[in-house]
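Participant: For reference, the structure I am asking about is given below.
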Amino acid sequence: MKNVGFIGWRGMVGSVLMQRMVEERDFDAIRPVFFSTSQLGQAAPSFGGTTGTLQDAFDLEALKALDIIVTCQGGDYTNEIYPKLRESGWQGYWIDAASSLRMKDDAIIILDPVNQDVITDGLNNGIRTFVGGNCTVSLMLMSLGGLFANDLVDWVSVATYQAASGGGARHMRELLTQMGHLYGHVADELANPSSAILDIERKVTTLTRSGELPVDNFGVPLAGSLIPWIDKQLDNGQSREEWKGQAETNKILNTSSVIPVDGLCVRVGALRCHSQAFTIKLKKDVSIPTVEELLAAHNPWAKVVPNDREITMRELTPAAVTGTLTTPVGRLRKLNMGPEFLSAFTVGDQLLWGAAEPLRRMLRQLA
């Protein structure tokens, strides 16, 4: 059995990873060692039936004793520890949820239902750093993988509807707190059937603009609104989140020529599922039944939702998908621009295939 160290296992992504590993009995195949950046010496969790104490996540000697390190601690930790560990001569496997190492030449972005061939080649060539991808990119490829695998995609334009969980646990709390403030502000009026809805709306809008809602994390109110910008601003006018679409898609697929991917990334008031609306330029005219067949056959989690109003409203929403590994794709139809233009709408849990699940599955391969 390999010695596997876990850092950041108590955070949001780490907690989901632990839950999935327990469900899949992954701990049966490894010797886990749990680390902490702040609570060393305290009792370690009993995942996998082991007992012990939390180790120091900054102790290079303790880390060097591991065969595999899995970290969900974030980019600052990676940037501090990873170079020191490699410079010390450590040759173990590093599995990371943070974005810091994604675009490094000696790292592979992992999404095995989509790029197992790239992962296998990397392992055969001595690659030992494996990084989870951007959530929207991973979820797009899980849903639309059949089109990419069959070399049918000329380019992709996307508008995202990204959940609060993409920002982190504090962002989710802030969204719910904002919702509570708005409701409490008009609760009496809502309870009165004779109250005028426009009066209620005005009260809500006034409170939203008042500066009284908590916005420490988002910077502006999200409840009852949206934020059409995610991550840093780049010189070309893109947000960094939008830049990741093309950069990471092409690295994951190891394309020989760049597939253009661009669009707008928008934060909405969903809790943990990202949705995406796509305009896809195909390389040739492919019938909708064939498109549906290719998408459904690509991986066990891709689910084609018929382009029917009732089914779509029931199955192609964050409410339906949250907490599941299913990555449904629907609203598939040809657009007025021509027979090669395809629309699609996808939903996926940002904390599962968008974050924890690729890490879990990579660890399973290495263990």
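Any Cβ shown, glycine's included, is placed from N, Cα and C.
Not measured: the values here are computed from a predicted model.
As annotated by Swiss-Prot, active site, acyl-thioester intermediate applies to Cys135, with the evidence given as sequence analysis. According to Swiss-Prot, the feature active site, proton acceptor maps to His274, an assignment based on sequence analysis. What Swiss-Prot lists as NADP(+) binding site is Arg10, Gly11, Met12, Val13, Thr37, Ser38, Gln73, Ser165, Gly166, Pro193, Gln350, and the listing cites sequence analysis. Feature annotation from Swiss-Prot assigns phosphate binding site to Arg102, Lys244; the stated evidence is sequence analysis. Here Swiss-Prot flags Gln162, Glu241, Arg267 as substrate binding site, drawing on sequence analysis. Marked as S-cysteinyl cysteine by Swiss-Prot: Cys135.
Show me how these features fit into the shown structure, please.
Facilitator: In the shown protein chains, 25 other C-beta atoms lie within 10 A of the C-beta of Cys135 (active site, acyl-thioester intermediate).
DSSP assigns His274 (active site, proton acceptor) to a strand.
Under the DSSP three-state reduction, Thr37 (NADP(+) binding site) is assigned to coil, being neither helix nor strand.
Sequence-distant contacts of Arg102 (phosphate binding site), defined as residues of its own chain at least six apart whose C-beta falls under 8 angstroms from its C-beta, comprise Ile109, Val131, Gly133, Asn134, Glu248, Lys251. Mapped onto three states, the DSSP output places Arg102 (phosphate binding site) in coil.
In the three-state DSSP assignment, the secondary structure recorded for Glu241 (substrate binding site) is helix.
Cys135 (active site, acyl-thioester intermediate) falls within a helical segment according to DSSP.
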Participant: Among Arg10, Gly11, Met12, Val13, Thr37, Ser38, Gln73, Ser165, Gly166, Pro193, Gln350, which the record lists as binding NADP(+), how far apart in Å are the two most distant Cα atoms?
Facilitator: 53
Participant: Counting other CB atoms within 10 A of each CB, which of the recorded positions Arg10, Lys244, Arg267, His274 comes out lowest?
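Facilitator: So among Arg10, Lys244, Arg267, His274, the recorded positions given, the one with the fewest Cβ atoms within 10 Å is Arg10.
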Participant: When you measure from the Cβ of Met12 (NADP(+) binding site), which residues in the chain that are at least 6 apart have a Cβ under 8 Å away?
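Facilitator: Same-chain residues close to Met12 (NADP(+) binding site) (Cβ under 8 Å, separated by 6 or more) are Ser165, Gly168, Ala169, Met172, Leu351.
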Participant: Name the residues of the same chain, 6+ apart in sequence, whose Cβ is under 8 Å from the Cβ of Gln350 (NADP(+) binding site)?
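Facilitator: Cys135, Leu139, Gln162, Ala163, Ser165, Gly166, Arg272, Cys273, His274 - these are the non-local Cβ neighbours of Gln350 (NADP(+) binding site), listed in sequence order.
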